[in-house]
């Protein structure tokens, strides 16, 4: 970006929190990721729209990083604008419906539902990430998923406009939604829940959290579950059968606690993650004949 355009950015986007050449590993769950040219934290939809329209006007690429939980940002970073929704985190309850902005913490949203004795969101009680990412990926666990409770979502189009998509038009599948094809970005989502008993809801959330603590390597940085569940199999079991628990490349290893996770144990890099993912796919294929498909998203530029 030239000096004139930089001056225009500071003038047009005055008042918006924008950081230049900001290392993204400070914000990702994996603790890896190179710099973003411009990292923006809009406080509301108006600021978000200003950022997107400025970027489009100057042909600057832009993307929303969300909560950065189920993704890997490459070591070369991301060109253009990276937008984070940390400040777009409102949660509201209206009757049996919960509406949350895209940056709202998923776990916090389940706690709000519990506080109001609303049932249906318990499955997400321990899933890290944001509402936006959860809808984008159709997050789920223990028999529940976002598709079961979503009513509608407001999305930001590539032009910077906002429109509403009904749940029936989201084309949900296993860890999939139509947004992965359209490139539109979740702004907020509305969920339909049912009245329940507060103590029972709280007990179920605590039970699921306890299961996660027992099974998942929460003590290390990670990107969550790395692979989708292959039909008729469990990814973690296939990885164990290939004797890959504890298998390590650089600072990243297959968790010894849960083989479906890869953890950053010693200043690992995005390249370590990518190399380990590729190695695990190859060795599981050789051992079982099953080709694992990554669930985690990998974005950004490789380091030259």
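Any Cβ shown, glycine's included, is placed from N, Cα and C.
Feature annotation from Swiss-Prot assigns domain 'FAD-binding PCMH-type' to 31-196; the stated evidence is sequence analysis.
The active site feature in Swiss-Prot is assigned to 175 (among others). Sequence-distant contacts of residue 175 (active site), defined as residues of its own chain at least six apart whose C-beta falls under 8 angstroms from its C-beta, comprise 137, 138, 139, 140, 228, 295.
Swiss-Prot lists 225 with the feature active site, proton donor. Just so you know, the Cβ of residue 225 (active site, proton donor) picks up 21 other Cβ atoms within 10 Å once every protein chain is counted.
Annotation source Swiss-Prot lists active site at 295 (among others). Residue density at residue 295 (active site): 18 other Cβ atoms are found within 10 A of its Cβ, drawing on all protein chains shown.
DSSP assigns residue 295 (active site) to coil in the three-state reduction, outside any helix or strand.
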